[in-house]
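Features as listed in TrEMBL:
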TRANSMEM  29-49  transmembrane segment
DOMAIN    41-323  domain 'G-protein coupled receptors family 1 profile'
TRANSMEM  61-82  transmembrane segment
TRANSMEM  102-124  transmembrane segment
TRANSMEM  145-165  transmembrane segment
TRANSMEM  213-238  transmembrane segment
TRANSMEM  271-294  transmembrane segment
TRANSMEM  306-326  transmembrane segment
Amino acid sequence: MSANFSHLCLTDEQQRMSGTNLEYNLQRYFYPALAIFGILGNVLNLTVLLNRSMRSRANSFLAVLAFADIIFLFLLFPNILANYSFFTFNWYFRWFYLHSKVHLISLANWCSSVAHWCVIAVCGDRLLGIQNPLYARATWRWWKLPLVTTIIVFTCGLLTCYQHFEYFCLVRSYCRETQLYSRCLPVNAEKWFGHRPNPFSQRYQSFIAICKLAHIFLMIILPIILLLFLNLTLLWALRKRQKHLSIGKDFNADRRQNDVHMQKTEHRVTLTVTFIVTMFTLTNGPSALVHLVMYATHEELYDLTMISSTLVICGKASNFILFCLGSKHFRLRLLKLTRKKINRKIDSITGSLVHTTKLSTASSRRTSMPIQEKKRSSSCAPLVAKNRALSTVETIYQPLLNGNRKGDF
């Protein structure tokens with residue numbers, strides 16, 4: 001449904017994409033730096049986590065988490081660009097943005113939900129590894145990890161796909177079709193455009209409401225509760241294991257040394273996981289509360305939503321800092337990979353310079369002595385002809401030729 005209001009022209013203030021000044025300032029000045037930093041940090045995380053020597057179940061889930069966060073941060077850029085004048089008043093960008101904004105938000109929430117359950121998978125795997133050392137050393141069959149990852153991604157996509165249809169956006173043309181303006185309403189809104197009745201059936205509205213409630217509970221509230229429980233259980237299990245190792249003094253020296261090494265490794269990994277889970281809870285908890293309050297009161301808490309969304313983005317951009325602060329092994333591996341890539345780059349540049357120098361030297365030699373080569377070729381021509389003539393009569397007059405050669409010398 002669209003309309004043409006050619007006789008009306010909108011002001012610059014009316015064409016602004018942001019809802020409030022807080023959103024405008026955050027999207028224009030804070031989000032670009034945050035998104036770029038988060039993307040670069042997660043790319044560095046992937047270079048370490050996907051390294052052959054770092055492959056494990058927990059690191060695989062952390063790699064999926066980093067990949068989901070990268071997509072989430074990339075999906076922020078249309079919203080960021082919409083607050084710059086060059087894009088705000090561009091007709092083609094407005095057409096793309098106004099028709100895709102709802103879908104971009106849905107995809108971003110999908111990636112965020114995948115990240116939630118990947119953190120839960122990491123925390124659960126770490127807890128089972130501490131409670132059962134044999135599980136920590138055992139490896140899954142080749143199909144289990146892709147299956148679990150596929151189930152997480154598919155389930156999260158299924159529970160967030162309703163957001164593609166949660167709002168109906170009306171796009172209108174103004175000022176001789178040189179301006180575009182859009183307004184979106186939820187499908188269960190009581191007041192509709194032009195004071196008309198809501199065109200969607202009551203059954204469809206109830207279905208969207210149930211999907212929204214399921215998403216809030218399964219993708220926001222339940223992950224927060226599970227992470228709090230798993231984090232506390234993880235710390236309790238680690239403390240219990242450390243106490244057990246400190247009591248067992250009757251072990252022999254080799255076993256004692258192995259247990260101490262395992263204890264340090266578990267402590268290091270658990271500390272990293274605890275950092276990630278704690279930051280995830282602190283940055284996503286307010287968003288869960290805001291969504292719950294909005295669902296209960298049916299009110300649009302715009303600025304509170306922006307603040308809670310900003311905390312979520314900060315959490316996704318801070319994973320690189322958490323990895324570096326919480327894991328010495330991660331820092332050393334990152335420095336080693338960086339040094340190796342720099343050395344390869346330097347070797348390739350040096351090799352190309354040496355090759356270019358050799359080519360230029362060879363070409364200068366060829367161009368500086370063309371006359372001498374011609375003289376040599378012309379002086380050698382009679383000898384070549386003579387040799388060819390000798391070769392033709394050599395088989396017949398071999399004794400005579402040998403005698404003449406001796407006489408000449």
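Every residue, even glycine, has its Cβ placed from backbone N, Cα and C.
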Stretch with greatest number of CB pairs under 8 Å, the transmembrane segment (213-238) reference, 29-49, 145-165, 271-294 candidates: 271-294
Beyond the flanks of the transmembrane segment (61-82) by at least 6 residues, Cβ under 8 Å: 17-18, 27-28, 31-32, 35, 38-39, 42-43, 45-46, 49-50, 88, 93, 96-97, 100-101, 104, 107-108, 111-112, 114-115, 118-119, 121-122, 125, 149, 152-153, 313, 316-317, 319
In contact by Cβ distance (the transmembrane segment (145-165), the transmembrane segment (102-124); 3 or more pairs under 8 Å): yes
Positions whose Cβ lies under 8 angstroms from the transmembrane segment (271-294), at least six residues beyond its ends: 58, 116, 119, 122-123, 126, 216, 220-221, 223-224, 227-228, 230-231, 234-235, 300-301, 304-305, 307-309, 311-312, 314-315, 318-319, 322-323, 325-327, 330
Within-chain partners of the transmembrane segment (29-49) [C-beta distance under 8 Å, separation at least 6 from its ends]: 59-60, 62-63, 66-67, 69-70, 73-74, 76-77, 79-80, 310, 313-314, 316-321, 323, 330, 333-334, 337
